[in-house]
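Q: Submitted below is the structure of interest, expressed as structure tokens.
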Amino acid sequence: DRGRRGRFLAEGVDFSLGGTADPLSGGLYFTQVGLGNPVKHYIVQVDTGSDVLWVNCRPCSGCPRKSALNIPLTMYDPRESSTTSLVSCSDPLCVRGRRFAEAQCSQTTNNCEYIFSYGDGSTSEGYYVRDAMQYNVISSNGLANTTSQVLFGCSIRQTGDLSTSQQAVDGIIGFGQLELSVPNQLAAQQNIPRVFSHCLEGEKRGGGILVIGGIAEPGMTYTPLVPDSVHYNVVLRGISVNSNRLPIDAEDFSSTNDTGVIMDSGTTLAYFPSGAYNVFVQAIREATSATPVRVQGMDTQCFLVSGRLSDLFPNVTLNFEGGAMELQPDNYLMWGGTAPTGTTDVWCIGWQSSSSSAGPKDGSQLTILGDIVLKDKLVVYDLDNSRIGWMSYNC
């Protein structure tokens with residue numbers, strides 16, 4: 001609510017979140033953005049693992065027509081907005097985007113275009129436009145509705161999961177580090193710090209808070225960002241279960257081309273190199289009194305649970321450079337349904353091996369910390385000081 005935002009937001013741009021980290025309920029968080037004149041509203045997935053805001057555009061090949069998330073889908077039509085304009089190849093943001101493969105130049109039209117490939121193998125293709133974006137600004141004077149011209153993508157071709165109705169939304173809003181991202185565009189126009197934060201509610205009702213701007217909250221733990229990284233790469237020194245450091249090879253987390261540790265709100269679960277993953281699963285098996293069980297269709301270790309998770313499963317600590325992140329059992333377990341007896345629940349380890357069928361399609365051994373880890377925390381991405389902070393928080 002507004003009060004919770006006001007407690008930690010000094011001044012900035014406010015977005016409300018919907019969605020949930022529960023894979024059985026969609027497994028994504030989304031927000032609503034107002035674009036065009038007259039303004040229309042679009043529901044977009046919040047993704048810290050990419051940089052660009054894009055929405056499905058009319059006409060489109062492969063864009064979903066309905067959503068299993070029970071939300072109405074709206075397609076952006078640049079012909080219906082009086083404030084839209086095409087972005088040329090010489091536009092400064094297009095020039096910068098081309099340096100990082102976020103943009104390319106059409107040789108026939110001189111328009112700025114893009115093709116994005118995501119970790120699940122899906123792609124989105126389209127061209128850039130600039131149009132009015134409507135949003136709320138929080139300040140000491142209260143809440144005000146504001147409009148700015150922002151650059152975003154107009155997607156006309158989707159493939160893979162982006163073309164299905166299972167997790168269909170109107171697009172993606174990337175909160176990455178590059179200048180094309182909405183946080184960086186709005187920070188420059190509003191003269192506010194290059195900082196944004198999210199608080200992902202982990203309970204069944206989901207939702208949460210997403211703000212761009214300075215944070216006034218003491219008690220944060222910070223870890224530095226790995227320099228010159230495109231994503232939000234951090235240094236993970238190790239993992240502890242019940243305060244016992246696990247025997248994981250440090251090379252599994254080193255920042256190389258194939259490994260490294262990324263915080264990514266666009267990923268539902270979490271992925272670890274196979275060696276680290278196997279050590280972790282074995283440690284949980286040894287630390288819990290819950291009965292292990294194999295569940296058909298679940299490519300992970302599951303348990304029969306009757307009682308509170310906190311009474312049966314250990315706490316886990318991610319030991320980052322600069323500080324530790326304490327995790328509760330529901331930060332590494334996901335609900336798998338009710339057992340056939342009807343008297344117990346099935347809970348499964350929600351961390352996955354990067355080598356599994358659900359892992360990165362490029363074969364990398366990345367560690368990706370998704371919503372299951374990030375939920376129920378205030379997470380601060382402080383680009384001005386090249387660091388990420390966190391603290392437990394009632395979202």
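Cβ from N, Cα, C; glycine included.
Sharing the features that TrEMBL gives for it:
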| type | residues | note |
| --- | --- | --- |
| ACT_SITE | D47 | active site |
| ACT_SITE | D264 | active site |
| DOMAIN | 29-391 | domain 'Peptidase A1' |
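Quick one: where do these features end up spatially?
A: D47 (active site): 22 other CB atoms within 10 A of its CB, across all protein chains.
D264 (active site) carries neither a helix nor a strand DSSP state and counts as coil.
When pLDDT values are averaged over the domain 'Peptidase A1' (29-391), the model yields 89.
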Q: Please report the Cα separation of D264 (active site) and D47 (active site) in Å, rounded to an integer.
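A: Given the Cα positions, D264 (active site) is 7 Å from D47 (active site).
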